[in-house]
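Enquirer: The structure's right below; bear with me while I get my questions together.
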């Protein structure tokens with residue numbers, strides 16, 4: 001039987017060690033416990049006075065969802081009653097890179113307020129690929145189609161150079177606009193012919209036109225860029241181009257935009273299908289709408305490049321073989 005003196009000695013030895021171990025555990029675990037407590041507690045209880053509680057009750061996942069909602073699902077920007085509608089006319093046709101190019105273009109147009117995308121397919125009917133893509137973009141769009149007649153084509157996919165690709169599709173878009181809006185419509189708008197293989201600066205869509213606006217286009221005519229020639233008074237007096245500079249309007253299709261009212265009032269104005277030399281398609285329309293003196297130079301008096309006439313390299317698919325190596329049902 002241990003004596004009282006021995007028990008007291010044991011207590012006096014063990015007690016200090018117990019206290020030391022307890023203090024050490026508390027100092028080590030306290031921060032970790034505090035973190036777990038904060039994660040499990042309701043943050044709204046610690047909201048500073050006067051602050052919005054919603055700002056203090058979001059996890060990282062909540063923040064990601066908010067950013068995604070704000071940035072993606074509110075595109076395109078809200079419609080404005082003070083801005084004109086920009087009608088972007090885009091001819092397109094089936095090819096391996098069609099979806100890629102339309103996707104790239106849609107990603108630009110999603111940032112433009114008051115935009116209406118008029119997509120016209122060179123096809124006997126609207127294709128599911130284009131229909132799905134347009135629906136999924138969230139853009140305001142109209143989906144049309146008209147097939148270029150076979151007698152306007154050469155063998156294979158090569159076309160008669162006198163009938164440039166997209167002519168009939170652009171004309172159908174012009175007809176749609178005239179059938180949709182009355183001739184004396186007060187609807188403010190701009191019509192721009194934008195091919196699906198070009199990159200466009202967002203600044204381009206901020207240029208409002210009274211009649212016909214013009215600007216340079218890069219990588220056309222064998223030059224770094226072609227541009228209207230502007231004098232010191234800010235008037236277009238000619239064209240900086242090598243190919244047939246004496247054309248009435250020596251300008252690329254991507255280098256001008258037309259006021260909607262002008263399109264509606266001049267119902268005879270279309271792109272000519274026959275009797276038009278190569279490079280004169282733009283002139284065949286513009287000469288029915290304006291004179292050289294009516295043109296409005298934009299893009300810092302036509303000294304700034306806002307659109308590039310690029311072409312996507314045709315993909316080499318030799319390894320697909322005649323039967324196809326990959327699953328043809330996978331949409332590219």
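Note: Cβ is positioned from N, Cα and C throughout, glycine not excepted.
Annotation comment: Swiss-Prot describes 1-6 as topological domain 'Cytoplasmic'. Swiss-Prot lists 7-27 with the feature transmembrane segment. The annotation topological domain 'Lumenal' is assigned in Swiss-Prot to 28-332 on the grounds of sequence analysis. Taken from Swiss-Prot, the feature UDP-alpha-D-glucuronate binding site applies to 91, 92, 93, 122, 165, 170, 195, 196, 197, 309, 310, 311, supported by similarity to another entry. The phosphothreonine annotation in Swiss-Prot covers 103, 108. Annotation source Swiss-Prot lists N-linked glycosylation site at 140, 184, 301. Residues or ranges marked as Mn(2+) binding site by Swiss-Prot on the basis of similarity to another entry: 197. Residues or ranges marked as site 'Interaction with galactose moiety of substrate glycoprotein' by Swiss-Prot: 226, 319. As annotated by Swiss-Prot, active site, proton donor/acceptor applies to 282.
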Enquirer: Which of the recorded positions 103, 301, 319 has its Cα nearest to the Cα of residue 197 (UDP-alpha-D-glucuronate binding site)?
Expert: 103
Enquirer: Under a criterion of Cβ-Cβ distance under 8 Å and sequence separation of at least 6, what residues of the same chain contact residue 91 (UDP-alpha-D-glucuronate binding site)?
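Expert: Residue 91 (UDP-alpha-D-glucuronate binding site) has long-range Cβ partners 120, 121, 122, 165, 166, 169, 170, 195, 196.
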Enquirer: I'm trying to understand the geometry here, so how far is the Cα atom of residue 103 (phosphothreonine) from the Cα atom of residue 93 (UDP-alpha-D-glucuronate binding site), in Å to the nearest whole number?
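Expert: Cα of residue 103 (phosphothreonine) to Cα of residue 93 (UDP-alpha-D-glucuronate binding site) measures 14 Å after rounding.
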Enquirer: Where residue 282 (active site, proton donor/acceptor) and residue 310 (UDP-alpha-D-glucuronate binding site) are concerned, what is their Cα separation in Å, rounded?
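Expert: Taking the Cα atoms only, residue 282 (active site, proton donor/acceptor) lies 18 Å from residue 310 (UDP-alpha-D-glucuronate binding site).
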Enquirer: Looking only at DSSP and grouping its letters into three states, which state does residue 165 (UDP-alpha-D-glucuronate binding site) belong to?
Expert: coil
Enquirer: Of 93, 301, 310, which is closest to residue 108 (phosphothreonine) if I measure between C-alpha atoms? They're all recorded positions.
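Expert: Checked the recorded positions 93, 301, 310; minimum Cα distance to residue 108 (phosphothreonine) goes to 310.
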Enquirer: For residue 301 (N-linked glycosylation site), write down the residues of its own chain that are at least 6 apart in sequence and whose Cβ falls under 8 Å from its Cβ; none is a fine answer.
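Expert: Looking at Cβ-Cβ distances below 8 Å from residue 301 (N-linked glycosylation site), excluding near sequence neighbours, one finds 230, 234.
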Enquirer: Using Cβ-Cβ distances, find the residues under 8 Å from residue 140 (N-linked glycosylation site) that belong to the same chain and are at least 6 apart in sequence, listing them in sequence order.
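Expert: Listed in sequence order: 76, 115, 116, 117.
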Enquirer: Just going by other Cβ atoms within 10 Å, which of the recorded positions 108, 184 has the emptiest spot?
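Expert: Sparsest of the recorded positions 108, 184 by Cβ contacts within 10 Å: 184.
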Enquirer: About how far apart, in whole Å, are the alpha carbons (Cα) of residue 184 (N-linked glycosylation site) and residue 93 (UDP-alpha-D-glucuronate binding site)?
Expert: 33
